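Data first, discussion second: the structure below is written as structure tokens.
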Amino acid sequence: MDLLIKGATIITLDGENEVLKGDILIENGKISEISQSIELSKEKMFATKVINAENLIALPGFINAHTHCGQTILRSYADDLPLYEWLFEKIFPAEEKLTKEIVYYSSLLGIAEMLKCGTTMFFDMYFHEDMTAKAALETGIKAVLSRGLQTDERQQQRLDETKELIYNYSSDKIKVFFGPHSVYTCSYELLEKVAELSEEFNTGIMIHLSESEDEVNQCYEKYDMSPVKLCQKAGLFTRPCIAAHCVYVDDEDIEILAENGVTAVYNPTSNLKLGNGFAPVFNLIKSGVNVAIGTDSAASNNNLNILEEIHIAALLEKGMYRLPEILKAQEVLKMATVNAAMAADIHNTGRLKKGFSADIVLIKANDLNMLPCYNTISNIVYSSNPSNVYATIVDGEILYMDGRLLTIDEEALIKEIKSIEKILEESIE
């Protein structure tokens, strides 16, 4: 069924006149018209669902540009630890216990949370990624997926699984990238291989990059260069590349990222929680680097609340540089929409524009924490939270509305998650 969103305050993020009052007509999953008033014929009205949006804000659906959806099941399992101890002593061993079925339900849990936050697309790196793909297709959310790659006895198996993902799941809803985990878990030879394969399969790459001081120091000890320079040397930046974190990057690194069109994904909460410091986002943007926003996983955040991430992202840079005028609200909002779509080389989402996919979030404008409203974009960035999300729409399909998930049985999911929790409590330390 087609949709007509009537009387909304519309944030288009599409150049001039980015905030307007009007209607959005959605036909066959695409935005067919945005104007002050759209009148439908009687015949057309019967085939169109009308949403009264007089007290709603319509804006592009949020894109979570870095997470590990299958890891949601490890929320609160390993907290208050530095990155390497958290990863190698707790997370990696626990992940050995995660079956395909567990990753499927974990992915459903993560997707349910993201839909309630207004997320319409997420970028993901994990294992059993076919299960995350299955969950995404069943629920209607869009995704850019990568099977995490490492150098060990299963290296070739992981590469083969990536190829299978590309063959089996590439579609309008799902893109598949190659996903070398990091320079400290992948050999240089594997990084080179990934660059070759991504060229062969005409796809992109996502990687954790310069997340911690330990990573950078180890890279210098082993290769006598920074992680950024190593990735450039290996050829990763010849392909569309999404680099999560980029916390410890110097001016030369930033110049390399900018010159090669690499997207840096800002994950402020995860960086703070793991004690990894503050990404120089202002310097990255000033130098011409495309910057998006991600939550990272629920095991390191500990939520997938993109609205919270947008809020923290806007505030941290102002405090770090002691410059309240930097990273204005509109710029941060674009990081979670326009910039993220650009990162994955997707050109039909991230804005509300005629011909674009109808990936839309509706926010309640009359909730107490959203009043008064002198600046709509500022209220989204600095005031909103998931309780304000009225509807999440992907390709014109309503996936979440007025407190209800429409493509997920929430009660059944909760039952499954609690059952898995009991199993994992007995099998992981």
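Just so you know, glycine gets a Cβ as well, placed from its N, Cα and C.
Feature annotation from Swiss-Prot assigns Zn(2+) binding site to His66, His68, His208, Asp296; the stated evidence is sequence analysis. Classification of His208 (Zn(2+) binding site) by DSSP places it within a strand. Summarising the environment of His208 (Zn(2+) binding site), the number of other Cβ atoms within 10 Å of its Cβ, over all protein chains shown, is 27.
What Swiss-Prot lists as substrate binding site is Glu95, Arg147, Arg158, His181, Glu211, Asp296, and the listing cites sequence analysis. Around Glu95 (substrate binding site), the C-beta neighbours below 8 angstroms that are at least 6 residues distant in the chain are Gln71, Leu74, Phe127.
Under a cutoff of 8 A between CB atoms, and with a sequence separation of 6+ in the same chain, the neighbours of Glu211 (substrate binding site) are Leu83, Ser182, Ala244, His245, Val247, Tyr248, Asn271, Asn276. Among the record's substrate binders, Glu95, Arg147, Arg158, His181, Glu211, Asp296, no two C-alpha atoms are more than 23 Å apart, and one pair sits at exactly that spread.
Between Arg158 (substrate binding site) and His68 (Zn(2+) binding site), the C-alpha separation comes to 16 Å. Shown in sequence order, Met125, Gly148, Leu149, Gln150, Ile207, His208 are the residues of the chain, 6+ apart in sequence, with a C-beta less than 8 angstroms from the C-beta of His181 (substrate binding site). Long-range Cβ proximity for His68 (Zn(2+) binding site), meaning a same-chain Cβ under 8 A and a gap of 6 or more residues, is found for Asp124, Met125, Tyr126, Asp296, Ser297, Ala299. In three-state terms derived from DSSP, His66 (Zn(2+) binding site) belongs to an extended strand segment.
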